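Chemist: Mind having a look at this structure? Questions to follow.
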Amino acid sequence: MADTAELAIVHATTASASWLTDPTVFAANRKPAHSSHRYVIGETREPKQSLDGEWKVRIEQARNVDVESAPFAAVDFEDGDFGAIEVPGHLQMAGYLKNKYVNIQYPWDGHEDPQAPNIPENNHVAIYRRRFALDAQLARTLENDGTVSLTFHGAATAIYVWLDGTFVGYGEDGFTPSEFDVTEALRNGNGNAADSPEAEHTLTVACYEYSSASWLEDQDFWRLHGLFRTVELAAQPHTHVETVQLEADYTAADTAGTADTAELNAALTLRNPADAMTIESTLRDGDGNVVWESTQACNGEIALNSGKMTNIAPWSAESPTLYTLTVRVVGHDGAIIETVTQKIGFRTFRIENGIMTINGKRIVFKGADRHEFDAKRGRAITREDMLSDVVFCKRHNINAIRTSHYPNQEYWYDLCDEYGLYLIDETNMETHGTWVANNVERPEDGIPGSRPEWEGACVDRINSMMRRDYNHPSVLIWSLGNESSAGEVFRAMYRHAHTIDPNRPVHYEGSVHMREFEDVTDIESRMYAHADEIERYLNDGSPAHTDGPKKPYISCEYMHAMGNSCGNMDEYTALERYPMYQGGFIWDFIDQAIETKLPDGTTRMCYGGDFGDRPSDYEFSGDGLLFADRTPSPKAQEVKQLYANVKIAVSVDEARITNDNLFVSTGDYRFVLRILADGKPVWSTTRRFDVAAGESASFEVDWPVDDYRSNAEELVLEVSQQLGNACDWAPAGYELAFGQCVVAGAKTTADAVDAAGAPADGTVTLGRWNAGVRGQGREALFSRTQGGMVSYTFGEREFVLRRPSITTFRPLTDNDRGAGHAFERAAWAVAGKYARCVDCAIANRGENAVEATYTYELAIPQRTKVTVRYVADTAGLVSLDVEYPGEKNGDLPTIPAFGIEWALPVEYANLRFYGAGPEETYADRRHAKLGVWSTTAGDDCAPYLLPQETGNHEDVRWAEITDDSGHGVRVKRGAGAKPFAMSLLPYSSTMLEEALHQDELPKPRHMFLRLLAAQMGVGGDDSWMSPVHEQYQLPADQPLSLNVQLKLF
């Protein structure tokens, strides 16, 4: 298949409906792709005019729209019955089309069965119309023999464009600019713009829901359409810098005594260069100081070269230093015709000896895949959204983003340059549904494969992306697309990419499905490979090369963050010890949920299927580290600690600091050292630990543990890495990472129930139906017939609505459902819930205490017996022991959770606990800080799209559940017992299990306290197949024991 240096674009004076189903026609009259450099006319005149704002729109069926005669594009067309829509925006979000979410399958599947490149008959067209007057600045440029272009920065899926009734052009690939020259249309349209800049013009767009391009855009996202990015006019002077291509290389010194050097090479393409005399170029640092300048004669192709420069600070995510190149085009009369500015970061990114390096250092991507999404605006996100996302990344130690699976808005790249994020820039292409059906893969059937009719469109897509984004230092890797199998078309794309850019690596994961096309990627990239599978590659190589790895490895998607997920992430970060392991990208960044107002005025975060869209993949759109409203999910806590560049190991006599930064020492951070006595801070100091990048060092710490040991059950020694100074994304003192160790104290773990030590003025009553213990204003009542403690009061306050019941299950997580957990462990869903009490033994324990022991049979065929034992004394202390002996008989599945669930009055909604936090933790997601944390039952119920298991806290020593007046119950681990797991939620496990949306959960009428001996992990390898890892499961043949002390206050 032949490559073309530049893509051939159809030129036409009238529109053709045939283009919609012709993959060889992907644009008509579109200008060649070019860099997104900034420019002004002269020195200050802004060249652009925004056409954003309110447009008119009407939806038609495609069969009723004739784009060739296009009567709707006439200036005098009657559009009084059109509706209003904001641009940028989506037709679906504005209510004009139905929201549709599918993952792999195409949205028309089952309704129609078109064969590519054909499209469904049920195809909508949005006729957009907008009237505008040309800004005076742009009219002046036209008057001076300049040009004006019209750019659609994002439009889905295909657009036909008319200006004043004149056909302007056609465009696909909605995620890169469709730019059209409208100079003549403006001059010849409704009024002469040069003479009458206030003349009104009429812009008409026919935006199609489906075209042949739809086959290339089968990404896992909401299928949203319309003009969803900025629409603008831009004027260009007669002599104009059309494109800029920069190489800003940085070379680190390789021998002692030599200097680091940087060199700038820039290629500028000028239109009408004969009308200019000179090019003046200036490079300035962030303080405005000139570091290089030149003046040279003007011709068509301008080559700038700075030569070797010293004292240039390199760009990296750790230290994103930017310089500004200013280029002035000077006319023969000495006047400045145009001024171009471009931010520059000097850096070199290469694959050296099989390892990706930046500025000579091995890089590890601590990344996430990011869809552009907002719950209210869809993919029409704002600058504020983008800045919020960048700040989240920096605060959570995320250093890289893959623009999955399309080029992002241009401003995103500016932010990543400025704040420091590495990017894999991905071509707008996914054809997953063409080669996967009913979970059966047929990669040879994939589009585009080796079909020559698709080559032009696919090569054009990567060409448009690369030309636009080339100059951004944050872009380290080009990606050919996502989940589109492989074939000769990808070889053409790969060759074209390296023709434009021989330096950056090219990435593509799809070749793993067709190993004969391994040559289309410079990186071994896989999705959802388990850690052990990755390790095999790092040791042995790929199936095609079993003599060791030949390419650096990344997981372009891993840690499927759907719902309550991201367990066992540490198994992946542990692979960083292999030089050719270079990190991964968590799928994905933000939940794709649409905030929808319900008839009763409330709102719901809706997922697939909620709009009557079928087929649908329902809640599979909820895979984010952020919830759809951009609040961090509890999973982010784990990611932040595991992605930290500074690792801290604490012991009783030192702190060991490992600095995994590549370029930045730890000298500018402050390290706060604390001692916590049973979670309470009792000692603190601040130290400076200066460790060079890539190095480790141990620092002696004289912890005054002996001063606090006698009055504590345990001490926590903590070192916190914090920002020493405020920066653009966080204040001074913001914590980036921490390390802790636990030292035993001298106090006993808990006050055991002691009949001899209990007050003698209390009473113990052994009745025929109940046994009661009363003292110090507290009373506990144990039923002989109802299987447990049926009352626990302090004064007039009752804390037991129903006796605490055995639980052996948990609400299913998304990962549980995907791995078949419900089917495999269905027995445990009812084993505890429907357990029956088969024995009760109540007796005095001394004079001032009572012991009540209940034996339950679990509702499983083995009828395994579980013991629930209470010991209560007249001091108001209740000891609770719940024992599962382990069941050797039969092949029982592992247990989801084991302990008790206890319904409390609704007012007891506040939780304060000493354990791992502050966010929820699980057996395989517990890289959290040990401390005392405060929250509420409502706040602890994470708003996962599909209600599920949530709110668990591991390693809990004690917890206090209180009302707003401070009254409540304290739960503490028993004497000699291990820490327990617990949660306090406004909903029972059954309620969470049954609801399909958060708003379907009932108004809280009780609080549900769950005390657990243990709970299985949540998993995270994927959400459709992989179970929780064995070491984080609870084998049914092993005993489990919960031992806690209760006291009301």
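A Cβ is built for glycine as well, from the same backbone N, Cα and C atoms used for every other residue.
Taken from Swiss-Prot, the feature active site, proton donor applies to E483, supported by similarity to another entry. What Swiss-Prot lists as active site, nucleophile is E557, and the listing cites similarity to another entry. Under the heading Mg(2+) binding site, Swiss-Prot lists E430, H432, E483. According to Swiss-Prot, the site 'Transition state stabilizer' annotation covers H371, H405, on the basis of similarity to another entry.
Just tell me what is around each of these and how deep it sits.
Modeler: Other Cβ atoms within 10 Å of the Cβ of E483 (active site, proton donor) number 24 in total over all chains.
Under a cutoff of 8 A between CB atoms, and with a sequence separation of 6+ in the same chain, the neighbours of E557 (active site, nucleophile) are D369, S404, E509, M527, Y528, G584, F585, I586, W587, D588.
In the three-state DSSP assignment, the secondary structure recorded for E430 (Mg(2+) binding site) is strand. Within 10 Å of the C-beta of E430 (Mg(2+) binding site) we count 24 further C-beta atoms, all protein chains included.
Neighbour density for H371 (site 'Transition state stabilizer'): within 10 A of its CB lie 24 other CB atoms from the protein chains shown.
Taking Cβ-Cβ distances under 8 Å and a sequence gap of 6 or more within the same chain, the neighbours of H405 (site 'Transition state stabilizer') are Q219, E426, T427, N428, M429, E430, G481, N482, E483.
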Chemist: Starting from the Cβ centroid of E430, H432, E483, which together make up the recorded Mg(2+) site, report each further residue of the same chain whose Cβ lies within 8 Å of that point, ordered by sequence.
Modeler: I104, D218, Q219, D220, H405, T431, G433, G481, N482, S484
Chemist: Between the Cα atoms of H371 (site 'Transition state stabilizer') and H432 (Mg(2+) binding site), what distance do you get, rounded to the nearest Å?
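Modeler: It is 17 Å, counting Cα to Cα.
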Chemist: Measure the Cβ-based neighbour count of H432 (Mg(2+) binding site), defined as the other Cβ atoms within 10 Å of its Cβ.
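Modeler: Around the Cβ of H432 (Mg(2+) binding site), 20 other Cβ atoms lie within 10 Å.
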